Amino acid sequence: MDVPAFRERLLRLAPKDPLVLAVSGGGDSVALALLVKEAGRQAVVAHLDHGLRPESPLDQAFVRALAERLGFPFFTERVEVARIAQARGENLEAVAREVRYAFLHRVAREVGARAILTAHTLDDQAETVLLQLLQGTARATGIREREGIVVRPLLAHTREELRAYLRARGEAWREDPTNQDPALDRNFLRLFVFPLLEERFPAAKRALARFAEARAEEEGVLERQAEARLLPDPRFFVPAFRAAPLLEAPLAVRRRALRRLLEKLGLRPEARLVLLLEEALRGRPQTLPGGVLARRKGGTLFLLPPRPRLPLPPGFRRPAPGDYLERPSGRKRLVDFLAEKGVPRELKPLWPVRAEGNRVVEVLGLYPPPPEEAHMAEALAEAASAFREGEVPVGAVLVLPGRVLRAHNRVEGLRDPTAHAEMLLLREAGPEARGGRLYVTLEPCLMCHHALAQAGVEVVYGAENLKEGALTRFGLPTRARGGVRERECAKLLRDFFARLREGCRSG
């Protein structure tokens, strides 16, 4: 065991003391504690008794004695993990892991530690990768060397290397008898599968560990791209995301984004669940574990819990039969109005309204139209002007303190390929644009996206730009919000290009 190399690796991963050492008493964690001591670092030892085995008090006593011998403060706690798992109806191993890491983080906060060290080895890495592949978790990135403040400095070392290090020092360790139980998947791989693999492929574990390292590097890049594609639709009171940025993403990026969605729901990112979300994106509703309904309505993907909880502010009630709105264009049934606004049928009976009898005077967040809809209406009027002038019908308004600027595309009229509505507004506003909010009928292209970001302008758009959108087409991260008056914005564009095609045929 190369202690100087370990010291250097530890300094890179966790440069500041004190460190929290997760020590169970097994060979790997005992070796970790001894190596940290040899490296000259300051640490505390944390030991959690899961209350799962009658021998656990002996493990605790062993670790306490080790900590005292090394001069490290000792922290311990006992938790009845089985009882918690049974009460929740959850997997025992998953609950044990959750409870264990919660304990370690509490200790870290108490002592002011910036790193928690665990004793995962190269063997653990290989087992995890193979287990992930066999269980269909669709990632197979294995165990990361660093996650938040959790650091795993022994991933390059095998279990046998650490045992040899302990034997050379005459050190003892505890053996957990449950590690010999083949009913547990990880134990089955360790006891039966890997011995067979290594007979034929002696370097199997190192190969799997290298695979995990490469996958983790690739995943980091793709993960950032996937996260950018998850554009929340904040108009609704349930998890909802714009569909087009997901649908237009490359397959590998889209599936990673969908796995992130599953994780946000507290579900395992299994391949079969990713495929269900793909189906939902394409308009075929799917039910996920826990009764969550994934369905697309219009340009939004909804993740509807089995019992959605919508707020009910004072003075509001739930919709009732016969409810209607009195609008300048005439009377409209409430159910039709909600459908027009993209509200899925599961939420219609729950949407908060304020009414006088059956005449609805307010629909929470939707009527009277919020300011963003009024500004988008102005942008639509500008887009209509562009339509009449033979320009691609994109309009925009820039809302600044004390004034509102308006523009529409004038590429043809000015013979200027940069004369997009957004660019014209930025030129007019100059330095005053910073901190403003732009409402535009079509998602900005790359040019406008970069200019708006540089100018510090917030963006709200109507329809996604499938051909040139900075996010939808090219996957650039954005803090924009989309979907405001989407139908009207998209219809204007469809009508324009239909007229253009008709003119081409007539010509």
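From the backbone N, Cα and C atoms, a Cβ is placed for every residue, glycine too.
The ATP binding site feature in Swiss-Prot is assigned to Ser24, Gly25, Gly26, Gly27, Asp28, Ser29. On its own chain, Gly27 (ATP binding site) has Arg159, Leu162, Arg163, Leu166, Trp173, Glu175 as residues at least 6 apart in sequence with a Cβ closer than 8 Å to its own Cβ. DSSP classifies Gly27 (ATP binding site) as helix under the three-state reduction.
For 370-500, the entry in Swiss-Prot reads domain 'CMP/dCMP-type deaminase', with the evidence type sequence analysis. Looking at the domain 'CMP/dCMP-type deaminase' (370-500) alone, the prediction's average pLDDT is 95.
The Cβ of Cys448 (Zn(2+) binding site) lies under 8 Å from the Cβ of His420, Glu422, Met423, Ala470, each on the same chain and at least six residues away in sequence. What Swiss-Prot records for His420, Cys445, Cys448 is Zn(2+) binding site.
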For the domain 'CMP/dCMP-type deaminase' (370-500), give the DSSP counts of helix residues, strand residues and coil residues.
60 helix, 27 strand, 44 coil
Please report how many Å separate the Cα atom of Ser29 (ATP binding site) from that of Cys445 (Zn(2+) binding site), as a whole number.
53
Using an 8 Å cut-off from the Cβ centroid of Ser24, Gly25, Gly26, Gly27, Asp28, Ser29, can you name the remaining same-chain residues around the ATP site, in sequence order?
Val23, Val30, Ala31, Leu32, Ala119, Trp173, Arg174, Asp176
Identify all same-chain residues not among His420, Cys445, Cys448 whose C-beta atom falls within 8 angstroms of the centroid of the Zn(2+) site's C-beta atoms; report them in sequence order.
Ala421, Glu422, Met423, Pro444, Leu446, Met447, His449, Ala451, Glu468
Looking only at Gly25, Gly26, which of these binding-site residues has the biggest number of Cβ atoms within 10 Å around its Cβ?
Gly25
